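Under the heading substrate binding site, Swiss-Prot lists Glu80, Arg98, Lys99, Gly115, Val116, Gly117, Thr118, Leu119, Asp120, Glu121, Thr127.
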Amino acid sequence: MSAKIDITGDWTVAVYCAASPTHAELLELAAEVGAAIAGRGWTLVWGGGHVSAMGAVASAARACGGWTVGVIPKMLVYRELADHDADELIVTDTMWERKQIMEDRSDAFIVLPGGVGTLDELFDAWTDGYLGTHDKPIVMVDPWGHFDGLRAWLNGLLDTGYVSPTAMERLVVVDNVKDALRACAPS
């Protein structure tokens with residue numbers, strides 16, 4: 001295990017990811033992201049669970065000496081197995097509070113393959129950025145085409161005027177961790 005990185009790291013990245021599937025490639029991707037965030041001396045903020053991709057991203061960050069901040073609503077403490085190894089574990093009353101704290105504590109967002117909860121977090125952060133609440137990078141890592149259907153639908157909304165080009169430009173889509181971290185890095 002590496003020495004702990006100073007908790008006052010210059011940069012904090014929220015990772016939105018799955019809490020259910022255990023596909024090897026998903027867990028490997030999440031672990032790669034967690035290790036890469038820690039390797040840069042950045043802080044990881046994530047959903048606070050110790051299952052699926054959430055557990056993999058946080059465990060890998062800590063294994064590489066990174067500082068981890070988990071944010072979990074009390075209704076999910078047992079369902080998502082709250083990660084009591086987190087350097088800081090924040091238990092909220094609601095999902096909304098979880099998302100707000102994660103957004104407030106982060107300088108950038110990485111979205112990994114996930115389901116409805118991941119999409120909820122993505123759309124919240126993306127909408128807030130589009131509306132000018134923040135100017136933080138929002139980066140979707142999609143190495144296997146998990147989000148192809150979503151992206152096709154969004155492009156259809158763009159083509160018909162329901163989504164603006166400016167909004168689409170706020171969402172960066174990459175297929176590897178190196179490019180994701182580059183897109184998240186401070187300018």
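Placed from the backbone N, Cα and C atoms, the Cβ positions cover glycine too.
The structure, with features from Swiss-Prot marked on it.
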residue : record                 : contacts (Cβ under 8 Å, 6+ apart)
Glu80   : substrate binding site : Ala19, Gly47, Gly48, Gly49, His50, Val51, Met54, Ile72
Lys99   : substrate binding site : Asp120, Glu121, Asp124, Ala125
Val116  : substrate binding site : none
Thr118  : substrate binding site : Tyr16, Cys17, Ala18, Val111, Leu112
Thr127  : substrate binding site : none
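Maximum intra-site Cα distance, substrate binding residues Glu80, Arg98, Lys99, Gly115, Val116, Gly117, Thr118, Leu119, Asp120, Glu121, Thr127: 26 Å. The number of other Cβ atoms within 10 Å of the Cβ belonging to Asp120 (substrate binding site), over all protein chains shown, comes to 14.
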